[in-house]
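Working notes, structure below.
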Amino acid sequence: MRETLRRLLRQRKAAVGGSILLGFLVLALVGPWLVMDPTELVGQPHQPPSRAHLFGTTGQGQDVLAQTVVGARETLAIGFAVGALVTLVGALVGITAGYLGRRVDDALTLTTNVFLVIPGLPLAIVLGAYLPSGPMRMVVVLTFAGWAWNARVFRAEALALRGRDFVAAAVVAGESHARIITRELLPNMASLVASSFIGNTLYAVGAQVGLEFLGLGDVGAVTWGTNLYWAGNDAALLTRSWWIFVPTGLCIALVGFSLTLLSSAIDELTNPALRAPPSAPVPAKAVEVSSEVPTSGVLLSVRGVSIEYMTASGPSRVVDQVSLDIAPGEVFGLAGESGSGKSTLGYALLRLLPPAAAITQGRILFDGMDVTALSAEAMREFRWSRVSMVFQSAMSALNPVLSLGEQFHDTLAAHGGSSRAASYARAREMLTMVGLKPELVHAWPHQLSGGMRQRVGIALALALEPKLVVMDEPTTALDVVVQKELLQRVVELKERLGFAVLFITHDLPLLLALADRVGILQAGKLVEVDTAERLRTDAKHPYTRLLLSSFPHLGASDVAAPTLDVLEHAALKPAQAALTGGRR
Ligand SMILES: Nc1ncnc2c1ncn2[C@@H]1O[C@H](COP(=O)(O)OP(=O)(O)OP(=O)(O)O)[C@@H](O)[C@H]1O
């Protein structure tokens, strides 16, 4: 917590926003004792700024400086009180609904939705008419009109957290619902609570000023909203007495600005991906590659590609002058330990690198086409129809709110506007091809097992008949039996459809069984490329030998050729080793 606060203070946005807000809080606390009575008639009406009245006088002759300073107290007090209450009520209702689900969720969600469809302003006016005048009326009215949105947000977050293992562990440990909500869920929503509080305070200040400006507040009180109300009533605009409303207007704008900065700083602090990289790496300059580029028999040619991430401590090269070729129909395996740059290279082939990264050197040629030089539109057309990808996480690669058929339709429609009926027919065909029932076209991702989802991922990747499929650890999250079935299916489909595969994994034995050729990536450098056959028996580079020796179950004689039997062998060996305690 202390570290989070320290990091927040170090953030420029938080520092500026926090300083402005702190300044206003100090002003609201001590200011009223330092200025004259804001209601007293101390000068002529409509007097411009002078030495006696630094901000001039109002249309009735009161001191504008005193009104601005004193107005800060009630405005900010109501703003923070409503911000806290709206956050509290929204969080309690939303988390309870999301966590308990079923009837409680139905009832609370219905109530929330009813509040959401009632327009806020008429609700506030009606409520205001029945409640006794004073600051509490504004607090009650604004809390009543504003909690529902917040409940929505917290419910969504609770639904996402409810399925996580630590909540299941708390349930198994026998913790009560109240304790799970307050001890397990709420602390995990700390950043949401903080940013909601700031956002709600901003809403409260704005709504309060708006209502008071319309005369719906307590016009006898001195607040920023009533200052503007009286400025309007006293014809400040008509008489061009700008000094009556500009100071209050500026204060409201500055408080809004500071709260927005703080909210944005909290977002960036809790989600580092939102932070802008120090500056984007310089993209690749044109390099002469023609002499190196093989002219025939090559589908993909990666020539001297380097990729850098821009980090706070400067550029970090994670792929270093890699060159490799993949032939049509070939299975090329890319192996290397975690962090060696395999995925980064795979994503670069589809130009899917994050903004902080860039190809700083080299060229990627596909079927003679320079992928690094394609326009954004050409790249959109190129992806999936020429090179597609099967992603690592079977669980999150599919859109949870679209049925499988719709996901196929989205992909097919984006490349040539296939009709829904044609897309669904193609989806059925592809699902059958990967060994799933065609009726699953109407299923949702959550109704499938991990292995089934990954099969759908493969079916989607093949839907447009690409010539190359990048498979980034597609079997990592699956058990060995499912893994084996899936890889067998990939090999069968490859034989049938003739696409090439770039298979990325850290599981070298698996690659040796599956791939025609294998490249070994060590700290971003391709240290060895050879046929799986030769690597199995005659690896040259010490790092390759180290990788091989780190899989004790794979001896040179274990595997003879990359057949389906061998695949089964490679996939099932770790399970056997685990069952027998590693004994052979
Ligand atoms: N956004 C980023 N900013 C800075 N460095 C990054 C970023 N993303 C990845 N990296 C670094 O790039 C390097 C390569 O990462 P990459 O994900 O390509 O490795 P990998 O070999 O695919 O690993 P794994 O098998 O664990 O997925 C790592 O050292 C990683 O820390």
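Every residue gets a Cβ built from N, Cα and C, even glycine.
Predicted automatically and left uncurated, TrEMBL annotations should be read as such.
Annotation source TrEMBL lists domain 'ABC transmembrane type-1' at 72-263. Per TrEMBL, the feature domain 'ABC transporter' maps to 302-548. Per TrEMBL, the feature transmembrane segment maps to 14-35, 76-100, 107-130, 211-230, 242-262.
Mean pLDDT for the domain 'ABC transporter' (302-548) in this predicted model: 89. Listed as Cβ neighbours of the transmembrane segment (242-262) (distance under 8 Å, sequence separation of 6 or more from its ends, same chain) are residues 13-14, 16-21, 24, 46, 48-49, 55-56, 58-59, 64-65, 67-68, 71-72, 75-76, 79, 198-199, 201-202, 205-206, 209, 224, 227-228, 231, 234, 236. Cβ atoms under 8 Å from those of the transmembrane segment (76-100) belong to residues 24-25, 28, 108-109, 111-112, 135, 138-139, 142-143, 146-159, 162, 177, 180-181, 185-186, 189, 193, 196-198, 200-205, 208, 223, 255 of the same chain, restricted to positions at least 6 beyond its ends. Through the fold, the transmembrane segment (14-35) approaches residues 8, 63, 65-66, 69-70, 72-73, 75-77, 251, 254-255, 257-262, 265-266, 269 of its own chain, all at least 6 residues removed from its boundaries and within a Cβ separation under 8 Å. If one looks beyond the transmembrane segment (107-130) by at least 6 residues along the same chain, the residues whose Cβ comes under 8 Å of a Cβ in the stretch are 93-94, 96-97, 137, 140-142, 144-149, 151-152, 155, 207, 211, 216-217.
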